[in-house]
Amino acid sequence: MDMDTQEAELSSQLENLTINSPRKLRSNAHSNSGKVFKEYESNHDFQDSNFTSQVVEPAISDSVKKPPTMTVLNNYSTVHQKVPSGFSGTTATSHQEAQWKQYFPGIGSGGGTNFGGAVGTANKVPESDLIVSDLVKDLSGVLETNTFKRHLDMKNKTTTMQTHENHDTISISHSKDFFNAEKVSSSFSDDSDSGPAAEAHDVFDGILQKQKSNYLVGSYPSNSNNKNNNNNNNNNNNNSININNKDNARTKEEDEEDTSNSFEFSSSSSMSSSQTQSGRKSKVLKKPPLNTISPGQLGYQFNHTHGAWDPPLNQGLDVSSSHSLDNTSSNQSQFATMVPTGDNHTNGKAPSILDKKAYELTSTKPGDVGYRQKKIQEEENLANSDDTPLDTPKFNDLFTKNGTRAKVKGQMRTSRSISNSNLLEAHKKLKTFPAERVEDITSISEVNTSFNETEKQLISILTSKLSGSPSYDSDWEKILKVDLSRGKLKNMFGMQRLLPNVLVLNLSDNEMNTLEGIPSNVVQLFCSNNKITSAHCSLAGFHDLECLDLSYNLLNTSLKFLSLCHHLQEVNLSYNSIQSLEGIGSSRMKKLNLSNNEINGIIDFEQLILTNNSVVGGWLTVEVLDLSNNNIIGVRNINCLPRLKVLNLNGNPLVSIVESSKMENGTLRALSIKNTGGALSKLQNYKLDDQFTFPYQNLKILKLDGFAQLSKWQKWPATLQILEINGGLASSLPRFSSLKSTNLYSLTIANVRDFTHLPVDLSKELPFLQELHLPGNNLQNAHKLTKTLPRQSVKFLDLRNNPITTPRHDRASTSLHYRQLLQLAGLCQQQCPALATLWLDDTPAPTATNL
């Protein structure tokens, strides 16, 4: 019967279908020839839930118990099983029949005639009423003729299960119609439609196969409805798969676990008859977990005394591939046979072991079902095989106790072989452990083992340095002071364990780029001339640190890393690239050296204190501050530093130093403003009424470049003891009479090219002067010079680089010049009896006290 004939018959039957409301017998029900039916309700009052009940009693057959979960149907509708009346939990009642029967002639007139023409008993409850929720025309062209067949008749046509108890072998036949979606159209009986659900699922399975749905080959719903399909397909199959079971017994727990899954993905499309009859499904294969390969699994043993791995006896063994190792915890002796791959397209990959079973494929012809089964089995083997790429388990000989390095000669070794050259290349990329993240490690070769290398080097250096010390103690836990300078150390990982109680640690002149690994209880830490950057300069945990030297490093930001150390007293950060003075925090430091950095602009200490927002510590405790050799052009409010005693501003292009705050600093004792390049023009306190008064009246030491304002100051600090003026003009020199009120004992006037002589009354103006430094001036007359010197107090005299000490080009010889220097020395000694040191040339001239 062709498709056109089917459509014609179906259309003729649908012509008799009427949708008119039937006659009413009573308010809620009506009858047709004595049968009582539910009243037909309008669409607005119709409830879809009346035809979607899934709750059934256990007495119902397997074919209607568990409708499969159809995830994708290519927009085709599903078939729902209507539960017979008389069961609890359903929407049907005992006195009602399906609505559609009343619209067909001959149904319900006491004969109980079924749609298929079979005659049943009048009192028989229909086993099932199908409700197909979509247009029938959607299935035209794909519906088969003999669709709803008797379930028992189909069972009789299937291939029976053959069980061989001696060999424990089960033979199951498969039909190629399953793969081709060709259903059997033999002459089955149309008497009674006792199990149409399974047949309906077969129809939809054929639709999905023909329409190329997203069901994968080998994936089939593993429920009770599939039993009929598998049994029908077995009729036309002459090829078989022999399954050698070592253990057919399955526990109850395994059955329950298997039935919880809706689908099964396996290489075989059919199940064994024993499984189909009991509702069991094949257990889903799982890949064995991958185990981590450690040095201990390679035979190495860690030596805690030497801090290294002891190599195994078979150290020369080369493991060329990680697949040669068994990473699973299973016992391979339990598996009898492995599935052969058969073809060359597997590229030599090892076959997978399948749950203690050996599968033997008996058909190899390309046209047979067994051949296709074999191909599908091989694809599953490749999918389930452990082909995860792993690097070869490698171990560097540098980390072993012997520390030997094997040299590879001859042929080239593969990238997976263990070779020292490969290992050393890997370690070159892993020198900076803190910059790497553990989550980025994807293979064994990327694991950073530089910790063991550093600790080994550290132990060697400690042994060599401590053994030469007279106070050497074999117990390293008692060591309090260690000097590891010039050791070419890159980091200090492991030192906390080796030297837990060290207090003074010198790590200068190494190659460190981080402070990690240094014992946190250290009090004095010297790390100058390394490669430490601001990103890896963390002082968190160094709560007892008091002295820190990080000079000659790569620090390039601010002082925020110092804020965590509250007990810091001395910090040397010279010769870095620090750009800001912010972030000092509440550390109570006293000495801070920031010379030779990249600090620029105007420094306002009042603003720094407000920004720091620290009641105690920070800038409020600084006593010695060195800002020399930066790019500072202005300084303001030095008086805001209440404890500042020494300030060094040499080597900056300073233009002005101005005090504008009301605070007065009575602690500043030394101020140095030299080598400004002649830019200095203002040194003034705007809060003082007398602008001719020096701004800092408690100074003892003042060193500065000569500028015009010096000659205008009339009141110098009474406490001034050392005055040094470098450069400028003679007219800008201070008046010596204004210095009479000071306690000056050392005066330096250097590099003033137009300064030709001392004032005549110098001995009266500076009666307590002991040191007179006059290098690089234009002093020409020795007799005038000696007459103006303070006779009783001068002990040190420096006359270098003046005309009276420099030989002229027309002089006869060097010996003559030497005799003139001796005469000058005699005059100075005669004028100043207390003179102890006289500098006339690069070497001190002989005096009466040192002859």
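Even glycines carry a Cβ here, placed using N, Cα and C.
Residue with Swiss-Prot feature phosphoserine, selected from Ser63, Ser419, Ser738: Ser419. Within the listed segments 1-31, 32-62, 94-124, 373-403, Swiss-Prot records region 'Disordered' for the stretch 1-31. Here the candidates are Lys357, Lys428, Lys687, Lys764, and Swiss-Prot annotates Lys357 as ubiquitin cross-link.
As annotated in Swiss-Prot, phosphoserine applies, among Ser192, Ser330, Ser417, to Ser417. Listed by sequence, the residues of this chain that lie at least six past the ends of the repeat 'LRR 1' (544-566) yet keep a Cβ under 8 A from its Cβ atoms are 508, 521-534, 537-538, 572-589, 593, 598, 617. Mapped onto DSSP helix, strand and coil, the repeat 'LRR 1' (544-566) counts 3 helix, 4 strand, 16 coil. Across the repeat 'LRR 4' (621-642), the DSSP tally of helix, strand and coil residues reads 3 helix, 9 strand, 10 coil. Secondary structure by DSSP for the repeat 'LRR 5' (643-664): 0 helix, 7 strand, 15 coil.
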